[in-house]
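Engineer: Have a look at the structure that comes next, please.
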Amino acid sequence: MTSRMAILSGLLFWLLLEWNPAFAYSPRTPDRVSETDIQRLLHGVMEQLGIARPRVEYPAHQAMNLVGPQSIEGGAHEGLQHLGPFGNIPNIVAELTGDNIPKDFSEDQGYPDPPNPCPLGKTADDGCLENAPDTAEFSREFQLDQHLFDPEHDYPGLGKWNKKLLYEKMKGGQRRKRRSVNPYLQGKRLDNVVAKKSVPHFSEEEKEPE
């Protein structure tokens with residue numbers, strides 16, 4: 001215990017000598033030890049002595065004192081991390097699984113038909129739906145025929161679905177007629193209804209005779 005106190009006293013004296021401008025003053029140079037390095041060294045010694053304290057979390061209003069580019073990393077799904085004040089708590093990488101997706105997901109257990117539309121850079125060889133129309137009608141028909149993988153239920157019509165059948169079903173339906181005339185702009189205009197912050201316009205009928 002006496003040796004620990006002697007080491008701690010020596011470190012404190014050395015730190016005071018470095019930080020006190022009355023003892024020595026020299027401009028900051030690249031070779032000079034930074035305050036962060038000193039704090040890290042002191043924390044490591046205190047941790048070995050068994051008297052380390054958790055690191056101090058500064059308030060949010062002191063964030064403006066930071067210099068240089070800053071970045072925030074972390075989260076539950078960014079790989080292995082070490083949590084806790086001393087970084088000694090390893091995290092567990094969670095699996096992205098849902099209620100309808102088995103946790104032992106392998107290559108022979110994929111999403112049933114219909115496959116999802118192909119993202120950028122993918123083709124039909126990757127098991128996705130290529131050249132899918134970007135329309136509400138196609139999306140509605142697609143969702144009606146879509147099923148998730150559920151080992152507890154059996155879909156008898158699962159193997160009957162195919163892309164050609166969906167396209168034929170869409171082409172056979174009635175298409176929505178496109179209107180070139182807005183019916184809400186027809187008829188006599190109401191002159192007493194004006195837009196906000198606009199100059200009111202009165203018709204010739206409402207003008208008083210001079």
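Note: Cβ is positioned from N, Cα and C throughout, glycine not excepted.
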Engineer: Can you tell me which of these residues Swiss-Prot lists as phosphoserine: SER106, SER203?
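Structural biologist: My reading of Swiss-Prot gives SER203.
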Engineer: In Å, rounded, how far does the Cα of SER139 (phosphoserine) sit from the Cα of CYS118 (disulfide bond)?
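Structural biologist: The separation of the Cα atoms works out to 14 Å.
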Engineer: Cβ-Cβ under 8 Å from CYS118 (disulfide bond), same chain, 6 or more residues apart: which ones?
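Structural biologist: CYS118 (disulfide bond) has long-range Cβ partners ALA124, ASP126, CYS128, LEU129, GLU130, ALA132.
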